[in-house]
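Novice: The following feature annotations were taken from TrEMBL:
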TRANSMEM  52-78  transmembrane segment
TRANSMEM  110-131  transmembrane segment
TRANSMEM  183-202  transmembrane segment
TRANSMEM  268-285  transmembrane segment
Amino acid sequence: MAISSSIVDLGAKSKKAMVLWLEGFREACCLHRVVFFCLRSKSLAVRTGQCFLLNGLIFLGSLLTLNSVIIPVLQWILPNHCPQFDSLDLCAAGGIAKLFSFLRHALVQIFYIFWFYPVYILSLVLSSFWYNDIAKHAFIAMGRHELTAKPSSQSELSKSENLCEADKPAGLGRAIIGVGEHIYSLLLLSVFFLKVSAAGFIPYIGKVLNFVLLSWMYAYYCFEYKWNLTELGLDKRLDFFESNWAFFAGFGSPCVLAIFFFPSFVSYGVMAVLFPLFVLTATGSRTEDVINSRRRTWQGAGLGRLPIFYASDTLS
């Protein structure tokens, strides 16, 4: 009887988790918010356009040019086989083929060193600033000119945030706490990223586990800009995130699906283009209202908190 009850309870919780996962996935795909924000804010449209230009046209365009134009041309000019007019002795010894292979490799590396890697570094630096600007402009476009404006007072997140604000000191002490939380958040996510990377090497379940962890990581990154602007404390962020783990797993899934099957540089380029769109959908999302609307229809206990960041928090 106890086993049967446990199976029923597990089935009910699985259904609740799937419902929240689908809600998160749907929220991430609400890309019409991007159009709304860009129409409301010229500055936001410019920043988003700059992201597309740098990461899409220049970065991904450079990769496409390398693989589709430069390498094929080099293989035509410096082929693997010996031209008919070359010395038969050199061909027999493989000298010409080795020379051509070396020259092709050297020219491709020159392209990487003097063009591709500088563009990659420039993209990393500029994008990190632009994403924050995009989130700020989105808040202004929503009519929240005061960045400390809070979500609906009826939500659980608002209650937690108000308690957090009451606990924080004012002035310099508050600024120091903010900087400390930001540094700790960076350490936390860095350790979590190492865990994500290590998960991929686990036999059989590694890919699936890597996908789920990446989904949580990208979901956290997307919402972090919004939480920074509302000055939500780190402990409240983690509590809200871990208490609604199914929703955030669903929200991060479209991000990961877009890059999961590409090589590393292509994955970065695609994510750098799409990430500001997901930041905008996260900024415009009424996450707590969506989650609470589903919870009100539930019977029995909820899903409970999943300690996603426990290992990262301990090691940090």
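For all residues, glycine too, the Cβ spot is worked out from N, Cα and C.
Curation plays no part in TrEMBL annotations; they are all automatic predictions.
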Novice: Which listed range (52-78, 183-202, 268-285) shows the maximal number of Cβ pairs under 8 Å with respect to the transmembrane segment (110-131)?
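Specialist: Ranked by Cβ pairs under 8 Å, first place goes to 52-78.
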Novice: Six or more residues beyond either end and a Cβ under 8 Å away: which residues meet both conditions relative to the transmembrane segment (52-78)?
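Specialist: For the transmembrane segment (52-78), the list is 100-101, 103-104, 107-108, 111, 115-116, 119-120, 122-123, 126-127, 265-266, 268-270, 272-273.
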Novice: Would you kindly list the residues that approach the transmembrane segment (183-202) from elsewhere in its chain, counting only those six or more residues past its ends and only Cβ-Cβ distances under 8 Å?
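Specialist: That would be 209-210, 213-214, 217, 220-221, 224, 234, 309, 311-313, 315-316.
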